[in-house]
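**Q** What follows is a single structure, and I will ask about it in a moment.
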Ligand code: SF4
């Protein structure tokens, strides 16, 4: 199997290679043991819904075989179709597109890195344009300062994109083509990927496959229901933070470099607790432009669009990350309120209610 297809599983050639290999989804999902493609498919959907990317987790970048990586895409499409949660399909398609965007822009800049192996897995701009039938619709400008995109294709790709700058009224239009910068062309390609991934989702899933993925869907449903409890709590009261969040704040302010899941938990909690940008940066112990940019970016990701898709993790997930002081095996914190809730936001709401009544 071609590693290029594993990096870009939405390509027509990737679909064809799965078909030619004659690997039935039924066989993959109904084996006695969980197939690596199913495991990676679950991770793919979970990461898409929670972290906005489908890249393997930080510990797993090299863990999956090309075959598992490639097959995880059709598995993920089935899983996301079975997860009964509003916004899951849209979020999944956006995350696939965002990840593809990171990869192809990197490929365009470093087509081979001097390594033959890299050249084999990188995609070129021409190949990606051809993939979306855009080869005849996109031309580099004679001066080389951008591209011209045939107006029909431009409208089809830009109509979902946010921002005044995408409207035709703000664009140079000549000879039926719209001028775009190189970066804008890449964003249009990201949208082309998103549209392709979203097409046909949710898909009809045969009963046999549905039955084979019951546990995986329940697992994801659990993740999504955690996420779905997000709601705005319009009071920022650090005294009422649960022990896990208080500890994260203390460590961040003490200069500790938090792990990705820990930083996600902290930023998403503070965003749900209505922290503004200055409060967020102060509670995350951020000084310095680079870190501030990263935290702001994280905050914009957890708080955007329907917001509810990016609530902080539940107590169970916090414990799995090793970020719940109450579940610490060696030196557990005791907190009676923690015994009665299953989510840090529920703790916070309860603590706020009590403080208000007092
Ligand atoms: S039980 Fe929940 S709220 Fe309490 S410290 Fe652990 S993760 Fe936080």
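Even glycines carry a Cβ here, placed using N, Cα and C.
Annotations in TrEMBL come from automatic prediction, not curation.
Taken from TrEMBL, the feature [4Fe-4S] cluster binding site applies to 244, 315, 324, 338. Positions annotated as domain 'DNA primase large subunit C-terminal' by TrEMBL: 237-333.
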**Q** If you count CB neighbours within 10 Å, which one among the binding-site residues 315, 324 has the smallest count?
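**A** So among 315, 324, the binding-site residues given, the one with the fewest Cβ atoms within 10 Å is 315.
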**Q** Taking the Cβ of each of the binding-site residues and counting other Cβ atoms inside 10 Å, which one has the highest number: 244, 338?
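**A** The residue with the densest Cβ neighbourhood is 244.
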**Q** Compute the average pLDDT of the predicted model within the domain 'DNA primase large subunit C-terminal' (237-333).
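**A** On average, pLDDT over the domain 'DNA primase large subunit C-terminal' (237-333) sits at 81.
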**Q** Relative to the mean position of the Cβ atoms of 244, 315, 324, 338, the recorded [4Fe-4S] cluster site, which additional same-chain residues have Cβ within 8 Å?
**A** 242, 243, 318, 319, 323, 325, 326, 327, 344, 347
**Q** Provide the three-state secondary structure of residue 324 ([4Fe-4S] cluster binding site) computed with DSSP.
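**A** SS state of residue 324 ([4Fe-4S] cluster binding site) = coil.
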